[in-house]
């Protein structure tokens, strides 16, 4: 009984543990929103499809929360007929927490509902993500520490207003008018709240006046208050009330040119829905609307213009119709749904990191901390959060840009990430008075200043003021004239000019044997980069020289002469003025025909392309991000300088100096640039791999390029650094540069771009690449954005400059150590091969003497045995065969012979045609064994030749004839080129005669050899008799038949 009870308890515990494990794989997300989509831009029909889209993307792609299932629950926070309900939101939050155990909340949207639920989730330590709730109060993280806002924040709007005031020098006062019914969600109150509080925080006096159109607010009283309190006006309320205010403003006769009126219209209903003319939405009979609205500006949220947002918008509307039967029209309100989508992705990323670190899925404190100071690309563009978990929002500033038609255009936008206003280069504010109005004009709000008295200034005062003004005008004029004269003097002085005679091409101190450095040069003439020719890529020595004792890089210009126009002089002056750590320093230019060249700073480490293509250099990601950061810094400075753009940015134009700092070269001096490639040359297309699509349509695009074109080129360089597979690498496709350029130029969707591989680099880097090489130049980020983005990616790069430099030096030293070790091993291997070759050419003892540098002396030997052989009938066989067949025959035969003689103590002296000569005891001094070794070798060769097959004549038998003789010789090395080990003496001649007087397939030997072999007693010899030898007379000779099998050999 006890055993059964124990088993039951164990089984129950197992089931409970298993159930708890399965539950842990589920993530429950509660979405709480109102239902009325006509009233709320964050209602269920608008937002829930976006959240479901994010949910589906996460579950399908599997990159985030792999193995987890996300369950979405939805609850309404709206009371029937009453709009947003704070109590309903509280009840739904508590019930959900008790019965459904959620891991996160999304919504509710309404400010008061978010505030009440936010206090609960703060206590439960669960995250609450919303894309609305703009109230200033949520900045308090002591009370709302787990709230994350991925949409509009009134604080961010206030910061934009503050930057506007700083730009226009409005530092004293402002006036605010906002609509407030004090019921429901009070959207206009909370939107204007941030502007009021931020300006007040900056010591600007702000008079705020609420109004309620349902209580017949007196607009004339508002106008009276406005006249007494401000000239910089902010109005936040329904469009019809704003236009009514402007009608009264006009009727009261206020001069609009003295005011700057900003209408806070977050969703641009006054602009986008009204043909870009705000006043056309009402039936008001305007006297002169264009004159009136010249001083009216509209501040809206900035609509994302990336392709992902457009696709998201289309799918959002389709899902709203399918799931809620609601027909949505495209509007700026869709950005709220997009921000909820990005908020869901932000939560998924933070949760994924928490789980990967072993954390809990309901640890809201840790999860929300991971959402702080984060940056990634979402459907609404760059998503950047601050330390308060509020998203950095961008805003547009609209103004009347066409004073004839009255149409509005965007004159600036506020970059919330960079905290700066970016002014349009084409659309400008046209102030009625030519300059912004004053926020605190003299003698209007205060009469305390002395000059506000109606009495006229005394004569002395008038004289003093006039004299002062005259002195100021004289001083300004003198300064301008001085600057003009100084500029002309600099242009005429030509401080940049270098005479050809001043350049030296040998070291003044003769320290270096050559002035070249192992860099690469481009076909266009750059001192750096890989030389790409029609036949491939080659590394050459860059042209370098010495100027005033310093080593410099010299780039020759393919022009007959340079016309020194004023434009060229200004280009040269600007080049001389540019000084930055990440740009190569311009030293000067030589314009003496035909030696026209540009002289720049010399960087000894080579180009970035060289480093990437050198597989022996190991680049970790800290080093790579450091190189990327150097490029971004250099290009950001260049784009903000007089030069403006590069026009030919590529990896070969990024060079590394001795301190491993990357610098950009070959910029500026557009007048010096020329092209010498043939129109259809391989090099021309290879050079265009970095060129943006919009510039490829030109046969010769502007030499100075464009800033957006430089961003595209930077994207290609990013891919080079990330994959190290060369420029414009496309996985699985082997295309020529011409084919690649033509595909990019065609511009057909899907756009042809290089391969990204998130297994080799981060997903954020892939997003940055794709953003940089976007087809539409307007979609590409500026280098100011890229700089911040890269700094965010390069978390390790936040260390000091010294630590970064030391890290680079350490990595380079490690690379050098590995390279030295590899080169040493390669050297030893080549040395071994050379020694083996030497041992094959010369005897071992002679080779050792030569290696030691000793002179090889001729040497006499008392007794050696020499072997000669040739092939009987070889001449006729050669006549009947092709030369290639003869070579093949001899190679096969001698390869076979060489393998056999390795088994004997012999040395092959030479082969001449079919003749084969071998000697024994010329170096080893093996007593009388030399005769035995040659005899044994001869028998082995004769046996092998009987089975040898001729490839082209397989039925023919090779007939080998062998001759052997023993006697004294003299040996030595003859010659310096191709030295040969030669034997001299009558023994050599006699051995040759023994072979020539022998018979096929027999071994013919002399009596001298026979006497030595008899001492061994196991060779079978047969007397041939006396044979007449040329020059020798008659000699008694013998046949070697084989070895005796019945004799025991010791």
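Backbone N, Cα and C atoms are what each Cβ position is placed from, and that goes for glycine too.
Features reported for this protein in Swiss-Prot:
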type	residues	note
SIGNAL	1-19	signal peptide
TOPO_DOM	20-460	topological domain 'Extracellular'
CARBOHYD	26	N-linked glycosylation site
CARBOHYD	74	N-linked glycosylation site
DISULFID	84-110	disulfide bond
CARBOHYD	169	N-linked glycosylation site
CARBOHYD	203	N-linked glycosylation site
DISULFID	236-339	disulfide bond
CARBOHYD	285	N-linked glycosylation site
CARBOHYD	352	N-linked glycosylation site
CARBOHYD	366	N-linked glycosylation site
CARBOHYD	415	N-linked glycosylation site
TOPO_DOM	482-1050	topological domain 'Cytoplasmic'
DOMAIN	865-995	domain 'Guanylate cyclase'
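Nearest to residue 203 (N-linked glycosylation site) in space, judged by Cα atoms and limited to the recorded positions 74, 84, 339, 415, is 415. Note on proximity: among 285, 339, 415, the recorded positions of the record, the Cα nearest residue 74 (N-linked glycosylation site) is that of 339. For residue 285 (N-linked glycosylation site), applying a Cβ distance below 8 Å and a minimum sequence separation of six or more within one chain yields no residues. Within 10 Å of its Cβ, the residue among the glycosylation sites 26, 352, 366 with the fewest other Cβ atoms is 26.
Looking only at Cα atoms, residue 169 (N-linked glycosylation site) sits nearest to 339 among the recorded positions 110, 339, 352. Nearest neighbour of residue 26 (N-linked glycosylation site) by Cα distance, taken over the recorded positions 84, 339, 415: 339. By neighbour count, meaning other C-beta atoms within 10 Å, the densest spot among the glycosylation sites 74, 169, 203, 415 is 415. For the recorded site, residue 366 (N-linked glycosylation site), the DSSP three-state label reads helix.
In the three-state DSSP scheme, residue 203 (N-linked glycosylation site) falls into the coil class.
Each of the disulfide-bonded residues 84, 339 was ranked by the number of other C-beta atoms within 10 Å, and first place falls to 339.
For the topological domain 'Extracellular' (20-460), the model gives a mean pLDDT of 90. Residue 110 (disulfide bond) counts 29 other C-beta atoms within 10 Å of its own C-beta, drawing on all protein chains shown. Checked against residue 366 (N-linked glycosylation site) by C-alpha proximity, the recorded positions 236, 339, 415 yield 339 as the nearest. Residue 236 (disulfide bond) has a Cβ environment of 27 other Cβ atoms inside 10 Å. Cα of residue 415 (N-linked glycosylation site) to Cα of residue 236 (disulfide bond): a span of 22 Å. Counting residues per DSSP class in helix, strand and coil order gives 53 helix, 39 strand, 39 coil for the domain 'Guanylate cyclase' (865-995). The shortest Cα-Cα distance from residue 339 (disulfide bond) to any of the recorded positions (84, 110, 352) is found for 110.
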